[in-house]
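Q: Take this structure, written in structure tokens, and hold onto it; I'll ask about it next.
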Amino acid sequence: MPEDSYIPQAKNDGAFQDLKRRRANDGHTEFSRRDRVHDVQPASIYSNVKENKPAWMRSADENKDKKYDQYGSRVDNGTLQQSLGVAKQVPTASASTTTVSAKVESFSAEKAINTANPPPPSTTTTPSSTTSSSSSFPSSSSLYLKYGNIGLGGRGTDPRMDRVKRNREQLEQSLSIREHLAVEENVNDEGSQPKGDGEVNPYLHLDVANPSVIHTQRDEAHYRTFHSKISDRENRDINSIVRQHYNERTQQSKRQGRRTMSPIYKLRNFNNTIKYILLGNWAKYSSAEGNAPKIFSVLDLCCGKGGDLNKCEFIEIDQYIGIDISDLSVREAFSRYSKQKARFKSHSGARTANKYNFEACFATGDCFTETVPDILEPNFPGIIDQAFPVDAVSIQFALHYAFETEEKVRALLVNVAKSLRVGGTFIGTIPSSDFIRSKIVEKNILKDENGKFKFGNSLYSATFDKEPPADGVFRPAFGNRYTYWLKDAVDNVPEYVVPFETLRALCEEYNMTLRYKKNFIDVFNQEIPKYFSKLNKSLVEGLKRSDGKYGAEGEEKEAVAFYVAFVFEKVT
């Protein structure tokens, strides 16, 4: 059988029973805690924040600082003193994340628009502790102000809100006008100036409810490939670019068209399969010792829009914690989880198919410059005591952003090492430094029309501003920047080379030992026979090649070979 493909073989169904996740304890298999205990209470920490007064308004707890000790002592200027044998200080980026008050103000502004000139939103209001009074309810006309100025006379004068049935001629004329305006809007969008971070609007292109307008399926016939509108990339910091890029990605994904029409649909399926395999093989529950939480928990750093939520259900976790720098991505992840969680309700205590059976919480933050408690505790008081240490920390397609500086990498590894239990795993995917070196040594990197050095194909490319070293070994190991482009996914975003031996050496400083490292092609070829019958049918069909076999081919194969998977285990 060729190494770059897979043909499924018929096997006894009983051979795949071991694919069901079981929790290991001293080498013996056990069933899920939820299978054994039917009256178990939810692992969510949401119940702990339903108080009349927000967490940041309550009196300080004399033991509060103890929960931060394991992540390093804090000093007056806001920097963190790293532990675990590292004597460096990592500055906290003041503008890298959304503060608690800013998030509360944003939430209040969206949810509490009462009049044409509303008062400033209160910074003491949170989604979990919002209070209402009779005077705070908006009038019937002001309810529509948040959708824009529909008419001078309120809802009664807006022809779009009429419930009177229009005749066929009027309807066809209305549809014709809408199509004409849509074309003009697309032209204007392409020629408009890019917006800054503060101008990104998460509510663009929402249709006002109008039963008189028939929504045709013309949009499904055309797929709009993602393009970002980030200006002045050369002079902006990496955090600002990454945040705006993924905010725009979240916005545009809702109006691109059917996902199956994406030019990288098969490539995405391949990458998702790799992540299923990694989490399925390496994210394991272990019986808790002492006061550690007796739940199977995963910390997902740089969680994005929650693309790995299905994978966490696949391995049957109990608690999910997601952190990302993009506030719109975090909002989308929470929305995705909430909708799926509410689809089916189970009162038996057993896991239910087609729904998320785990509890989850999400937060906006930069895990490269802030500690995990600083990100989570303001919104989820007590979570560090209740849900940590975790069984696995996952960071997918994001760690390379930290290699801008050594300080950022060390800050990330402090968060990982301090969040993991002993025996827990650090699971991730990064660009392969070996792949980049091979492109350089084999002279497959060319100078483009702008004098920059580039390799890739029609699906992906990596562009260096200056000529890389002839031997492909970057010195020093940090700050080696290139611009990465992946069609319909990553639109010329700065990334940094991750010399793997440097990552390995740093992880060993934080008591994490390498257990697994393979490029994506090898992971797929070696593991897919075990997982083929377990994965979702549509995901598997998305892996089918033009010759009927399964795997990556052509330019897709080169694009996925750009990445490598790794697993580190915390030993002490």
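Here the Cβ of each residue, glycine as well, is placed from N, Cα and C on the backbone.
Found this in Swiss-Prot, in case it helps:
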| type | residues | note |
| --- | --- | --- |
| BINDING | Asn271, Asn272 | mRNA binding site |
| COMPBIAS | 24-39 | compositional bias 'Basic and acidic residues' |
| COMPBIAS | 59-69 | compositional bias 'Basic and acidic residues' |
| COMPBIAS | 123-140 | compositional bias 'Low complexity' |
| DOMAIN | 262-571 | domain 'mRNA cap 0 methyltransferase' |
| REGION | 1-75 | region 'Disordered' |
| REGION | 110-140 | region 'Disordered' |
| SITE | Lys305 | site 'mRNA cap binding' |
| SITE | Lys311 | site 'mRNA cap binding' |
| SITE | Arg336 | site 'mRNA cap binding' |
| SITE | His400 | site 'mRNA cap binding' |
| SITE | Glu495 | site 'mRNA cap binding' |
| SITE | Tyr563 | site 'mRNA cap binding' |
Q: Distance between His400 (site 'mRNA cap binding') and Asn272 (mRNA binding site) at the Cα atoms, whole Å?
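A: With distance taken Cα to Cα, Asn272 (mRNA binding site) is 19 Å from His400 (site 'mRNA cap binding').
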Q: Show me the subset of Asn272, Lys305, Lys311, Glu495, Tyr563 whose Cα is within 10 Å of Arg336 (site 'mRNA cap binding'); these are the recorded positions I mean.
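A: Checking each Cα against Arg336 (site 'mRNA cap binding'), the hits are Lys305.
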Q: At the Cα level, what's the spacing in Å between Glu495 (site 'mRNA cap binding') and Tyr563 (site 'mRNA cap binding'), rounded?
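A: About 13 Å separates the two Cα atoms.
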Q: List every residue in the same chain as Tyr563 (site 'mRNA cap binding'), at least 6 positions away in sequence, whose Cβ is under 8 Å from its Cβ.
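A: Sequence-distant Cβ neighbours: Asn271, Ile274, Phe397, Thr429, Ile430, Pro431, Ser432, Asn519, Phe520.
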Q: May I ask you to report the DSSP-based helix, strand or coil state of Asn271 (mRNA binding site)?
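A: Helix, per DSSP.
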Q: Which three-state DSSP class does Tyr563 (site 'mRNA cap binding') fall into?
A: strand
Q: What average pLDDT is reported by the model for the domain 'mRNA cap 0 methyltransferase' (262-571)?
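A: Mean per-residue confidence for the domain 'mRNA cap 0 methyltransferase' (262-571): 93 out of 100.
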Q: Could you give the Cα-Cα distance between Lys305 (site 'mRNA cap binding') and Lys311 (site 'mRNA cap binding'), in whole Å?
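A: About 13 Å separate the Cα atoms of these two residues.
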Q: Using C-alpha atoms only, work out the spacing between Asn272 (mRNA binding site) and Lys311 (site 'mRNA cap binding') and round it to an integer in Å.
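A: With the alpha carbons as reference points, the distance is 9 Å.
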Q: Using a Cβ cut-off under 8 Å and a sequence separation of 6 or more, which residues in the same chain sit near Lys311 (site 'mRNA cap binding')?
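A: For Lys311 (site 'mRNA cap binding'), the qualifying residues are Asn272, Lys275, Tyr276, Leu279, Gly280.
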Q: Taking the Cβ of Asn271 (mRNA binding site) as the centre, how many other Cβ atoms fall within a 10 Å radius?
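A: If we count other Cβ atoms within 10 Å of Asn271 (mRNA binding site), we arrive at 21.
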Q: Name the secondary structure element type, per DSSP in three states, that contains Lys305 (site 'mRNA cap binding').
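A: Going by the DSSP assignment, Lys305 (site 'mRNA cap binding') belongs to neither helix nor strand, so it counts as coil.
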Q: Three-state secondary structure of Arg336 (site 'mRNA cap binding') from DSSP?
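A: For Arg336 (site 'mRNA cap binding') - judged by DSSP and reduced to three states - the answer is helix.
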